[in-house]
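Peer 1: First, the structure itself, so that you have it in front of you.
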């Protein structure tokens with residue numbers, strides 16, 4: 001378990017990390033997400049004991065990184081942004097050196113090195129000088145070095161940066177594999193990566209934690225503001241009438257689809273009541289089916305993590321969320337966005353109603 | 001510590017620095033040995049070593065410049081500083097690896113006095129004692145170079161800085177000779193030194209009362225001595241500063257054939273202080 005309490009890092013007037021608080025529990029993959037310069041690397045550097053904090057504490061399994069650095073560092077394997085490798089050593093030498101630094105007993109050392117070489121698929125290049133390795137291989141050596149001896153906590157700073165897509169997938173799989181038995185913390189500014197790998201996402205911006213939840217929850221909370229796109233073989237009026245009959249439907253916009261006799265409907269739903277009730281898609285399906293109007297396609301427009309991220313990090317004052325563990329705060333943000341969308345669609349709806357009364 | 005020691009040692013010989021340094025040292029020892037001992041027939045090998053004191057001024061900075069500056073530049077210090085190894089052990093590992101490289105040419109030259117003996121009279125005790133002093137002097141220089149390397153990211157600045165400091169130390173006895181030796185000059189010198197010291201204390205503690213109190217006490221003491229026991233201050237500053245001369249200990253061995261045990265202890269103490277300062281400079285960097 002890692003506890004970060006009130007962490008501050010002041011670089012001569014610039015707060016890189018601004019009163020950060022969070023707790024990391026064992027056995028999960030955590031993702032630090034944030035734009036460039038958000039303070040991800042600084043936080044990781046402080047957590048691993050590379051740099052000191054201006055204020056605040058970091059406890060690694062109960063050991064304060066400043067007061068008992070050796071005990072705390074024993075629990076951590078760290079892959080910084082730039083893998084710290086000595087270019088004049090071979091892959092194998094580097095890993096043996098890392099094993100010695102981590103105080104792995106002599107008997108187990110060879111075995112430990114073999115294991116991590118296997119894991120990072122480095123066996124083919126073990127005799128090559130790191131100087132001659134490509135960026136992707138260096139990254140893998142860095143990863144192998146971080147996980148050698150399998151410390152309980154593994155911290156990876158942008159582990160896939162600079163890799164080709166195939167290598168990215170490989171490293172992701174490795175990380176997932178590691179996540180089964182270890183606490184893994186990785187940082188990234190790439191959303192798809194974080195959502196693909198992590199069990200828990202922490203969004204950091206300007207040194208502050210602005211959201212912390214599982215990817216599903218973050219998406220779901222945003223999904224409230226989203227709607228559905230339907231393609232229906234029916235007239236405009238029929239579509240509107242059918243949709244109006246469904247209680248959760250909030251706004252409807254019916255557009256031409258471009259094809260003869262087919263309408264495209266954009267629907268949004270009232271928030272708050274979707275949880276316990278039956279799936280809205282089913283109701284829509286049966287509503288149209290009863291009238292024998294075929295639905296040609298139905299697509300939920302769920303807010304992706306991208307939207308969550310952009311929404312949370314867009315303003316100068318990001319969302320004013322103080323304690324991230326409380327979903328209400330995020331809800332608040334979302335409802336702001338909701339309002340914005342709402343005001344737009346309301347106008348459309350009024351127009352639609354006007355049409356109907358005629 | 002041993003892991004770092006072995007890695008550093010290996011890296012000295014994987015890059016060229018180790019070989020170049022040893023070759024450079026052996027070449028110049030050979031030249032001096034040939035010129036002084038072989039050609040001119042001077043029986044003391046320590047004389048050759050005196051010549052080498054200027055040569056290591058160039059060699060040592062090349063050996064030490066990489067030690068911390070390079071690690072910092074290539075960020076490999078992240079590996080060392082996030083590993084469960086204390087900074088002191090990192091510093092000691094690196095220091096001993098450089099000392100080992102320096103030991104190689106020193107050991108190689110240990111045959112020279114024997115060569116002299118084969119050709120006539122040799123003063124083995126004096127020569128080997130000077131060799132010990134020479135080795136420790138080199139260790140002091142290595143510690144200076146390591147400290148300067150830990151202060152910068154640039155190997156060039158580390159090398160030039162080390163060269164400058166060692167040159168200053170070499171010229172120190174002559175420079176001190178230029179200082180006025182009158183009692184009033186000594187008093188002023190001591191006042192300046194004391195003020196410097198107090199300002200450092202003040203900078204660390206930020207304690208107003210302590211700073212003012214210390215400064216006042218020092219000024220009172222110096223002024224008091226100046227008026228009451230003036231002759232105590234005659235040449236006092238010059239004498240004190242002359243004691244700081246690091247090369248003097250080696251000269252005691254090499255030129256006066258004195259086994260200066262106190263001097264050797266002072267070398268070792270200086271090494272300890274420099275290693276301590278290196279550790280502090282790395283710790284400090286992590287905090288700012």
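Backbone N, Cα and C define each Cβ position, glycine as well.
TrEMBL does not curate its annotations; it predicts them automatically.
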Peer 1: Which one of these stretches, B:1-19, B:20-38, shows up in TrEMBL as transmembrane segment?
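Peer 2: Here TrEMBL associates transmembrane segment with the stretch B:20-38.
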Peer 1: Which listed stretch (B:95-116, B:128-149, B:209-228, B:257-279) has the most C-beta pairs under 8 A with the transmembrane segment (B:156-175)?
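Peer 2: Out of the listed stretches, B:128-149 contacts the transmembrane segment (B:156-175) most.
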Peer 1: For the transmembrane segment (B:128-149), give me same-chain residues lying six or more residues beyond its boundaries with a C-beta closer than 8 angstroms to one of its C-beta atoms, as numbers and ranges.
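Peer 2: Same-chain residues near the transmembrane segment (B:128-149) but 6 or more away: 45-46, 49, 52-53, 56-57, 60-61, 63-69, 91, 94-95, 98-99, 102-103, 106, 109-110, 113, 155, 157-159, 161-162, 165-166, 246-247, 249-250, 252-254, 257, 259-260, 263-264, 267-268, 270-271, 274-275, 277-278, 281.
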Peer 1: If I count Cβ-Cβ pairs under 8 A between the transmembrane segment (B:181-202) and each of B:44-65, B:209-228, B:257-279, which range comes out on top?
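Peer 2: The listed stretch sharing the most Cβ pairs with the transmembrane segment (B:181-202) is B:209-228.
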Peer 1: Any residues 6+ beyond the ends of the transmembrane segment (B:209-228) with a Cβ under 8 Å from its own?
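Peer 2: Those are 183-184, 187, 190-191, 194-195, 197-199, 201-202, in sequence order.
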